[in-house]
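Chemist: First, the structure itself, so that you have it in front of you.
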Amino acid sequence: MDRFHQINPFAKRDSHTTTSITTYKVLSLLTWLLSVVTTVYYDTHAPADGKYLGGNIWHQNYHHYSGFTQNAVITSIYFVVMFILQLIYTSHLFSSDATIVNAAASVGSHFILNNLLHFAWVMLFVRSHFVWSEIILIINFFNLSSLYFRHATYTKLIHAGAVSWPLAWTFVAIYWNGAIMVPHQHSLVARIFANVFIWSLLGYGLFFIFLYKDYTMGFALSVLSASLGVAQFFRQIIAFQWIFAFTIMSVLFVATVLVAVPAWTGREDFFGNRREPVGDAERAPLLADN
């Protein structure tokens with residue numbers, strides 16, 4: 001069992017060797033670049049190969065209209081912010097503080113796998129292999145969910161870049177990709193299912209906001225809900241989907257602010273634990289000595 005723990009890259013560790021940290025640095029940067037370059041390229045370019053008729057990411061989005069079609073501008077901005085947050089996370093691996101390095105390395109295996117799975121999803125999605133791309137998203141959802149629940153107490157910069165923003169995107173993308181995968185996206189049955197399942201974004205977001213006090217997840221999901229709402233509004237003004245999307249966005253945003261403000265003002269930490277006043281914290285060791 002100890003041997004398996006040593007070779008398992010996803011096992012929780014209190015410390016990491018110099019070799020493993022170097023490996024995380026190299027692989028994190030390389031896979032991040034692979035993910036970014038692939039996404040940026042296929043944001044505007046269609047694949048020149050493939051058995052099925054494909055297109056760039058946003059061609060696929062608008063060509064296969066569904067109840068989960070995204071707005072290209074808002075979701076592209078989301079991607080840019082997410083990639084920047086991921087780069088900030090990666091920079092923690094190069095910190096001079098050993099505690100920060102170990103914290104970043106602890107989520108490194110999941111982060112690297114996320115980058116590889118995102119690359120695979122883009123390659124499959126633009127080539128219209130929607131069933132396989134959906135499977136990739138589901139695998140990554142379990143990867144990131146495992147990361148979230150096993151490493152939920154690291155600093156917000158590590159958490160946002162490596163965990164919450166990629167997880168929020170993957171959760172929404174499962175519905176988006178899944179709606180494209182299912183035939184007859186324009187049918188009444190498909191629209192009814194979309195009207196029902198869109199509310200899972202609200203339930204999912206509120207779960208993390210109130211149980212984990214995670215305002216990064218709440219804000220990420222509110223942005224993606226806004227993207228969905230804008231796309232649905234311009235698609236069909238007289239419809240429920242964009243109304244539901246903007247309602248979900250509003251509730252998530254308000255809930256996010258209610259959690260974020262106490263954290264930003266120092267009354268609670270990132271995960272909702274009330275902080276001890278500085279004066280009491282400074283006196284504690286003296287009291288203990290007495």
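Cβ atoms here come from the backbone N, Cα and C positions, even for glycine.
According to TrEMBL, the record shows the following:
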TRANSMEM  21-42  transmembrane segment
TRANSMEM  68-88  transmembrane segment
TRANSMEM  100-124  transmembrane segment
TRANSMEM  130-150  transmembrane segment
TRANSMEM  157-176  transmembrane segment
TRANSMEM  188-212  transmembrane segment
TRANSMEM  219-238  transmembrane segment
TRANSMEM  244-265  transmembrane segment
Chemist: In the same chain, who gets a Cβ under 8 Å from the transmembrane segment (21-42) while lying at least 6 residues past its ends?
Modeler: 56-57, 79, 83, 86-87, 90, 93-94, 101, 104-105, 108-109, 111-112, 115-116, 118-119, 122-123, 126
Chemist: Sort out the residues at least 6 away from either end of the transmembrane segment (219-238), same chain, that have Cβ-Cβ distances under 8 Å to it, and list them.
Modeler: 61, 65, 67-71, 74-75, 78, 164-165, 168-169, 171-172, 198, 201, 204-205, 245-246, 248-249, 252-253, 256, 260
